[in-house]
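If you check TrEMBL, you get these features:
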TRANSMEM  12-31  transmembrane segment
TRANSMEM  318-337  transmembrane segment
TRANSMEM  344-364  transmembrane segment
TRANSMEM  448-472  transmembrane segment
TRANSMEM  504-524  transmembrane segment
TRANSMEM  841-864  transmembrane segment
TRANSMEM  871-891  transmembrane segment
TRANSMEM  897-918  transmembrane segment
TRANSMEM  943-962  transmembrane segment
TRANSMEM  974-1000  transmembrane segment
Amino acid sequence: MKKFIRFFSRRLVLLSVMVMLLFIWGIYSAAQMKTEYLPQINNPILMVTWKSPAETDGVTTDQMNNNLVRSLKEVDGLQSIQSTIYSQGLFASLTFSQNFDVEQAERNIQAAIQQVNFPANVNKPEIQKISSDAFPFMEISASSASFAKQLNEIKGVKKINVTGNGQKGLIVNLDNKKLLENGLRFEDVQNVLQNDKNIWPEGTVATKNLQMMLKVEGTADQKADLENRIIKTANNKQVLLKDIAKIEKGTINVQTKVRTNGKPSVILDLYKKNSADVTKVSKDVMTKLAKIKQSNPDDTFTILSNQGQTVSHAINGLWKEGALGCLFSMLCVFFFFREWRSTAVIALTLPICFLVAVSILQAMGITLNLLTVSGLIVSMGRVVDDSIVVLDNIYRRLEKNGSYSLDLLASAVKEMVPAVVSSTLTTIAVYLPLTMTKNMIGQAFYGLGWAVTISLLCSLVVSILILPPYVANTWRGRFYAKAPKTEKSAIVLLEKVWVHRSKWISGLTVVLILAIISAFFIPVNVLPRTHAQDLNIQVEAKEGATLEQVDADVRALEALLQKHKEIAAYSSSVGSIFAPAFDDVFDQGGGWIQQPNIANVYVTPQKGVDIAQLTSILRQDIKNLSTSSKYTITNQKIAGDDSRVNLMLTGDNPSKLAKTAGLLRGKLQTIKGLQIYGDAEQSDQERFTIELNEDKINDSGLDKQAILVKLESFLNKRTDIQVANSASSYQVELRKPSAVSLSYSQGSDSEQEWLTQLGHLSFQNKNGETVKLQEFAKLNVDSPLLTSEKDGQPIAVVTGNILTTDIGEVTKQIKDTINKVELPKGIQIEFGGIPQQVQQMIWSIGLAGVVSIILVLFIISCIFKGIRGPVAVLSSLPFALIGSVLFLFIFRQSWNLGALVGMVMLIGIVTTNGIVLVDRLERLREEGEPLKRFIIEGTASRVRPVLMTAATTILTLLPLAFSGQSDTLISQSLGLVVVGGMITSTLASLLVIPTVYYWMWKSVRRTHLHSRNVLSYGD
């Protein structure tokens, strides 16, 4: 060590060049590093959605659904499959093992889908991955999608999905009465329009002197062309389409209606390529939009969400808080040493460790995201600890000697090598298990764990190899002791406390017990509150409501919102889109399907508006709406839909499952803070079939074809057709409304009354006699239109949304309510959604904590002989809980992902100070000092480095914990837990560790005592 220090202290230029190269490498890597909102997180669940075309009959749809589910069940690597069959299609959630390659799973699903034969006009099912990069990075509400193609050409944009954008075309409304008069059916018109391929003459005309091209064309007017299409009836009579239908221009193929501030609009969801930087591509899109606005002033758009801007704002906020924290830590060092050279060492250590860590992370392919940046900031409070400990020991030895000595400096550094190596390894042992868990928690904290690990290894190298030559060069011949004399003052204070140590320890233990009890009263959640002020209003219409019926209730809500000046903008989306939300990446059960009878209205308040007060006003106003829909307002401060609860009922009898699900809905709706979707009486919609008795039809002298035509007039029908003429082809939407208009008595059963009127439907036989439908037909109740199953077993699902941040308390009430319900035999209930996420989170973090403690104990045991040293080091660890719980209570935070990770981090951070202290005590014990004396003196000699390391960590994290400026997932709760835990554990360690060490060595007989003039200390 002496030769090494002498070599580099005399070659300061070489050392400076090496440091400069590290700076250049780090700055270059930081500029090249990809930024994104979250790291790559793959949920091992893939979703398959399929929508049947409107013209597909129910039998074909059921057959396609069943064939698709049967094929998906054979997918390689599949652990479980949950499917829901709708009248409009299918939604399936396929679960694979956590370690299964998601890309391979997608290929396996695609291969299974290829085994299903779909009709030519039917779209193939869509496969949706639930990963952090599979969701749109920007959402734009626009008056039209005219500029979508320009945005799609931007480098880094993968695709753009447009919602609410119907096509311009012709709408053909067939007249039921005229269809019946001409003996025509919906399919007759459909076949003519699809198959009418007139051959228009085209060729050359030869004359004596020249040859001319000749082409015969129809009219270019698409509407006129369509009106004059000839439809042949059953008796070969010809009618024009305009004689049996009303034709008009309009927007067709509208599956989802979207409005912004009450005006029709479209939603553009922009997806980025995996290799693209979210901040760069976001800036490029905003630049392009500005140019589009200048060239086309009529194009209006509103940015509903911009992940790139959010990431940029959050990361910049974290950098500012990190820089402020580093400034605080340097001021702390200056306060203790009172001279600029020591502070300059810290100023040098921080950027070296940070830039080298960034460089290695970039080489490993780890991105710069919210979690990685949080890890770098947390490590900044810890990387200076090794340098502080080494610097303090050098300072203390030189101070005692009174002058500079290279031998003394080398000895001081060598003395601290075991302590700094062991403390670094123990801290790394805490963070590395976070990267090794093979679930979504491990994927999320992979970058954070490596960021801290690399930073700490770098800090170890800096403290042992770079700091000593720097000190040798700056303090050689110019050392002056300016630091306050803390050791003597500490001895006096420790002597006074030592006399009453049992009382102090007892008092701390009582406070610890109270903290443990209080911890159970803190709310539990997965993700903490964000700083978002937006509101989401979910509109839930009656089961089976049409798109127009749901839209009418949404319009009533929009009229109400328009009156509130506190609202800056609102956007509504009506219609099922079968799409997951961003937060579904953390969901144990994958994405959530939105039912066709549910719409969402997103509300953005004006700046400075009290969100709680606005929510209360809106809830009161909504009660006055004269609609049948349910309205649920949720504050987006509760992170996304991670407050969703999902109860799955399994059993053999679908009707019992539906009945029990309705009973549960009624019971759960009484729980405060829980919104249950659907009514207590709600059950799956049933399908009715009319079974014709052909013998009775023949006996009654009825015409079966006439019966079918008349019954068909009851049905609403529509289909999209590509119609061709000589000039081009154009889109047509063919519609046939129901010919039935029923009125009901107030308070009557509308369904029963409809069935009664249907049964009285009359037909004329050949003899002119009237025959009612009920005389030759039977009405049957068919299978439900909505059937759900998991791994082949029927299920019923009850879903809801927890409206409060105290997920744990609501979950407890849900479980208590379920336990009080007498379930029919054979029916079981399985929790999903947020309760399962909380359980998984606690299990994953708890496992990482246990592994960390075992690793820390192993490392400490390798350094200190026997069990006494390791036990003393870990004895102050439980007292960190006091400060953590206190800070969570004061700042109204919850036990969430960030808070629990902070508790695991405290294991390594708190242990560091314990190692430094016990290492000193062990050295003095081996020198044969009297037990009480060396404990007091050893502890006093480590008061300054322990307080400095703790203070620098606390001050570095203070802005992160208290500023509340950055909109991040975990930073504030993590910072609060670490800061609070460090304060109490540090103060406790200076008393608890010496006391525990004393108790363990008190009864040991020492055989080697040095005879020297010593002070006598009492108990």
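The count begins at 1 with the first shown residue.
Just so it is clear, glycine is given a Cβ too, placed from its N, Cα and C backbone atoms.
The recorded stretches the transmembrane segment (504-524) and the transmembrane segment (12-31) do not share 3+ CB pairs below 8 A when only pairs 6 or more apart in sequence are counted, and are therefore not in contact. Sequence-distant contacts of the transmembrane segment (12-31) (same chain, at least 6 residues past either end, Cβ-Cβ under 8 Å): 348, 351-352, 354-356, 358-359, 361-363, 368, 466, 469-470, 473. Counting Cβ pairs under 8 Å to the transmembrane segment (943-962), the stretch among 318-337, 344-364, 871-891, 897-918 with the most such contacts is 318-337. With a cut-off of 8 Å on Cβ pairs spaced 6 or more residues apart, the transmembrane segment (841-864) and the transmembrane segment (448-472) reach fewer than 3 such pairs and are scored as not touching. Most Cβ pairs under 8 Å with the transmembrane segment (897-918) belong to 974-1000, among the candidate stretches 318-337, 344-364, 448-472, 871-891, 974-1000.
By number of Cβ pairs under 8 Å, the transmembrane segment (344-364) is matched best by 448-472 from the list 318-337, 448-472, 871-891, 974-1000.
Panel annotation: around the transmembrane segment (448-472), residues 1, 4-9, 12, 15, 19, 341, 345, 348-349, 352-354, 356-357, 360-361, 364, 366, 371-372, 374-376, 378-380, 382-387, 389-391, 394, 406, 409-410, 413, 417, 420-421, 424, 427-428, 431-435, 901 of the same chain, lying at least six beyond its termini, place a Cβ under 8 Å from a Cβ of the stretch. Outside the transmembrane segment (871-891), and at least 6 residues removed from its termini, the chain residues within Cβ reach (under 8 Å) are 508, 511-512, 515-516, 518-519, 522, 853, 856-857, 860, 864, 899, 902-903, 906-907, 910-911, 913-915, 918, 921, 961, 973, 976-985, 988-989, 992-993, 996-997, 1000.
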